[in-house]
Every structure is written in C-alpha cells, then in structure tokens.
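Summarising the annotation, TrEMBL assigns domain 'G-protein coupled receptors family 1 profile' to 44-291. What TrEMBL lists as transmembrane segment is 28-51, 63-81, 101-123, 143-161, 203-229, 241-262, 274-293.
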Amino acid sequence: MGDKGTSNHTEVTDFILIGFKVRPELHILLFLLFLFVYAMVLIGNVGMMAIIMTDPRLNTPMYFFLGNLSFIDLFYSSVIAPKAMINFWSESKSISFAGCMTQLFLFALFIVTEGFLLAAMAYDRFIAICNPLLYSVQMSTRFCTQLVAGSYFCGCFTSVLQTSMTLTLSFCSSRVIDHFYCDARPLQRISCSDLFIYKMISFFLSSIIILPTVIVIIVSYMYIVSTVLKIHSTEGRKKAFSTCSSHLGVVSVLYGAVFFMYLTPDRFPELSKVASLCYTLVTPMLNPLIYSLRNKDVKEALKKMLEKKNTVL
C-alpha cells in the first residue's frame, strides 16, 4: 500500500473483514446461528416496542426507557448482523472505507447511548423504591425525555469524536481487519500511525463513558438494597427486588461482555470476537426475554394483545 509516512487513509478504498477463523464448511452453521439470533432480536425488540406503545398501562417512565432500550438494541444489532451474514457467503468479504466508518460511527453511537440509558433506568428504579411518594413528580415526562435525549447526545458526541480520530489514521500495511465488523481495536492493529494520542483520547472517552454510568448504577443499587432490607414483610422485599432484577440482568450481561472484550489481550483476537458477539447480538436478543419473562405487566400486556389478535381473526 505504500511506505509508512507517505500513505494515508485516503488511499484505502475498502477493507476485508475476515470474521471468525473457522473451516469454510462451518460458515453455513455460523450463518444459520447469526440468522436465528438476529431474527430473535427483530421479533423480541419490535414486539416489545409494540406492546409498550399499544398498552396504556405501560405508559410509565420505566417502560418509556425500556421502549428506547429495545429501539437501540434493534438498531445497533442491525448495524452488525446483516453485513456479517453476507460475508459468510462472500468470497471477498470486503467492506468499503465509507461503509466501515459508517458502521463504526453507528455502533459507537448506539452502544454508548445504551450505557447512559441503563444508568438512567437505574436512577428510575432508585426513585421508585427509595422515594415512591415523589416518583411521579421527580420522574416527570419532561425529565424522562431529557434523560433519553441526553443519552443520545452523549452517544452522538462520543461517536463523532471517535470516528473523526479514526479518519486521521493511516492504513499502509494491511487492509485485513481481524474481526466480523469495523471496531476501533482491530482498526488500530492495522494502522501504521503513531497511536499514542489516539489511545490516550480513547482511554479518556472510555473513562468518561464507563465510570459515570457504572457509578450511577452502583450507587443507585446500594441505596435500593439498603431500602429494601428495611422492609419488614417478605412479600414487600420480593416485590421490590423483582422490579430491579431484570435491569440488573441486562446490565450484568452488557458490561460483563464489554469488560471481557477490552480486558482481553490483543494476542487473543478470537476471544474478543466472542465477547463482541455477546454484546452485539446476544444481549439485544436476551433483553426482551429478560424483561418479558420476569415482568408481570409485560406478560399481561402480551397476553391481552394476543387475545385481541385472536378475536380479530
């Protein structure tokens, strides 16, 4: 591609996503696996949004946040899955430079937004359990909208900054990305630029994204646990914990996969791919299941919707 220092990203027209290093005969199995999981993502998240929008009983802050969570899960998995499935059948496995940067931008936008949205949901549960009498006042429609809008703003700001930094990198040694989608770490590996400033800014961005959201979640649940333990009745404790268990499950799966991926050394790229698979497809598939199976209101709303559909038919 040229000598180091003279070539830059403008000379790169496309990249090659090599995906998972498995035997060619296993590609059809991976394709079917991706297809099944992505179909479940579509059905689960579209279904969850439909239930929330059509049932008046779910017109509450918690379900407003949950509807946005389903929207985010649906779109960021759609940024990754279709191209990955196409590449299982493609000989070239190429993605254009513009397509790669678009994938990087959109994925960063939605994954960061989800992190801040989960923090907002933790705060919502904190108010609901620790200050129930003030819940309707503190979690007003305007405030909830501001929290969601702020989450999207943080995601967009972070995504613009990260993508802009990536556009300044030079790619003069290889076009082969050892991943199944365009992510920051695999792109760093094939860059011939000095990555010191890039890594410092990336570390700073990760810190201002992860630390505040994790702190809000941890502090919220510290207060929640303290309040629940003061409830004398077993039924009351069980009801309070049940409203939080779904959210805790979603947070654990997402952050567990993210931390695992970023703590995995670069010499183990296949482990990073497995972790990436967890939060790009598995988490969006599990979120609707976690909330529907452990939430009485959602199950009743789903039952009501199915009964209405059967009546019409």
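Just so it is clear, glycine is given a Cβ too, placed from its N, Cα and C backbone atoms.
Note that TrEMBL annotation is computational and uncurated.
Between the transmembrane segment (274-293) and the transmembrane segment (143-161) there are fewer than 3 Cβ pairs closer than 8 Å, counting only residues 6 or more apart in sequence, so the two stretches are not in contact. Below 8 A, the CB atoms of the transmembrane segment (143-161) and the transmembrane segment (28-51) form no more than two pairs separated by six or more positions in the chain, fewer than 3 in all.
Sequence-distant contacts of the transmembrane segment (203-229) (same chain, at least 6 residues past either end, Cβ-Cβ under 8 Å): 112, 115-116, 118-119, 122-123, 125-126, 129-130, 154, 158, 161-162, 237, 240-241, 244, 248, 251, 255, 258, 262.
Among residues of the same chain six or more beyond the transmembrane segment (101-123), those with a C-beta under 8 A of the stretch's C-beta atoms are 62, 65-66, 68-69, 72-73, 75-76, 79-80, 83, 95, 147-148, 150-152, 154-156, 158-160, 162-163, 166-167, 181-184, 187, 209-210, 212-213, 216-217, 220-221, 247, 250-251, 254, 279-280. Note on the domain 'G-protein coupled receptors family 1 profile' (44-291): mean pLDDT across this stretch is 88.
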